[in-house]
Amino acid sequence: MMRGYNVEYAGINEGSSPTGNKIKKISILPLIFLIFYEVSGGPFGVEDSVKAAGPLLALIGFLVFPFIWSVPEALITAEMGTMFPEDGGYVVWVSSALGPYWGFQQGWMKWLSGVIDNALYPVLFLDYLKSGIPALSEGYPRILAVLALTIALTYMNFRGMTIVGWVAVLLGVFSILPFVIMGLVSVPKIEPSRWLVMDLHTVDWNLYLNTLFWNLNYWDSISTLAGEVENPKKTLPKALFYALILVVVGYFFPLLVGIGAVPLQQELWTDGYFSEIAKIIGGVWLRWWIQAGAAMSNMGMFVTEMSSDSFQLLGMAERGMLPEFFAKRSRYGTPSIGILFSASGVILLSQLSFREIVAAENFLYCFGMILEFIAFVRLRIKYPAVARPYKIPVGTSGAVVMCVPPTILICIVLGLSSVRVMTVSIVAIVIGLVLQPFLKLIEKKRWIKFSTSANLPDLHNESLVY
């Protein structure tokens, strides 16, 4: 490869897409809210940070942690997502940097992590309803409700990304607005001294770090939909920037209001406590709105995660990593087989406990992120002249340094995993290591058809324009 020249992918242009011109692409506003739901969905779930570390560290955490983790991950996603504006996202990055074998491992770990993560949301949605409908607490009614909810939300994904995107906008506004109202109503009750409470001797660092990590990751997930975005080389970086502001403010502002307006009872700060704060500040009507917002937020996170997971499978099939039938689209442009496959995984995993789901998801996600950091740095070194529509303004050394803090955090999260979670996760990784050669054998024997799209960029292809 010649260095020092501006290199473009041959045959790739902004208008081309496997979906053709009939399928409407995702514009910037829906994309911002899709990213918002991939990462956050609102401040529901951040309460444990106050219980674990107290007000001051909770506030500092949601201001500082984004610079350690969210900003680097979002910047890498912007650079790599515009470098490879196609479905498949991080699978394509790792394949281009480390080869198709490791690209498959990335796809397996991130898809499994996403499906595990998505298994949470129907369960959490029902948890918000069970106080009013006790029958949903356990047994067959709960199982049937999870199944019905999964089918309904999966159908929404089947109908197209435009619908999913605008549903995300509506759900996002509905979920965020009550916290804005709560903030306005709380102004006379704010006591700034409550923000400064801290006791380092009682901090539960495990819960504190896991809460921050859980609420501020998955910025890379939107990359698997890059092929469905309108003008991704310009739209994706802008959407990531605005979504980053929305997520950080969406966490910090409610914490600031809730801590400052209500006398501190640290042990009460657990999931759902914001609804109690809303009742104290604004009354029962505001409490119900926030509870409804939390339930709707789980729906938003489900449909966006499902989109990301299913389009990842489509992208892998277009790269020849999975059987060709995964690349087939419905008349709405959606990956119907990928959606059904991901939905089946959600249903199978929905019986696991919340703690087991979160721990296993974090473990697999961390391994996938390590591969992404390696791919990002390796592509900077190996292909410095390849055109990057958005490029992080740092050199190779800066790229390496930028990946160090999040990598240290990953090591801490992995180190905090229980033996059981570690064992189950390693077994899942080993399955991926074996699955890829098995699929290659199937392809060689021609038992199932595999194919590679001719319109996709490939850094290992000689057809580069200098």
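A Cβ is built for glycine as well, from the same backbone N, Cα and C atoms used for every other residue.
TrEMBL annotations: computationally assigned, not manually curated.
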According to TrEMBL, which of these ranges is transmembrane segment: 273-290, 309-326?
273-290
Ranking 26-46, 88-104, 139-156, 362-381, 393-415 by Cβ pairs under 8 Å to the transmembrane segment (207-227), which is first?
26-46
When each of 26-46, 163-187, 362-381 is checked against the transmembrane segment (239-261) for Cβ pairs under 8 Å, which one has the most?
26-46
Recorded stretches the transmembrane segment (163-187) and the transmembrane segment (26-46) touching, at least 3 CB pairs under 8 Å:
yes
If contact means at least 3 Cβ pairs within less than 8 Å, sequence distance 6 or more, would you call the transmembrane segment (88-104) and the transmembrane segment (26-46) in contact?
no
Between the transmembrane segment (332-350) and the transmembrane segment (52-76), are there at least three Cβ pairs closer than 8 Å, leaving out pairs fewer than 6 positions apart?
no
Mind checking which residues of the chain, 6+ beyond the ends of the transmembrane segment (362-381), have their Cβ under 8 Å from one of its Cβ atoms?
73, 76, 79-80, 83, 90, 93-94, 96-98, 102, 105-106, 109-110, 112-113, 116, 210, 213-214, 217-218, 220, 396, 399-400, 403, 406-407, 410, 413-414, 417, 421-422, 425, 428-429, 459
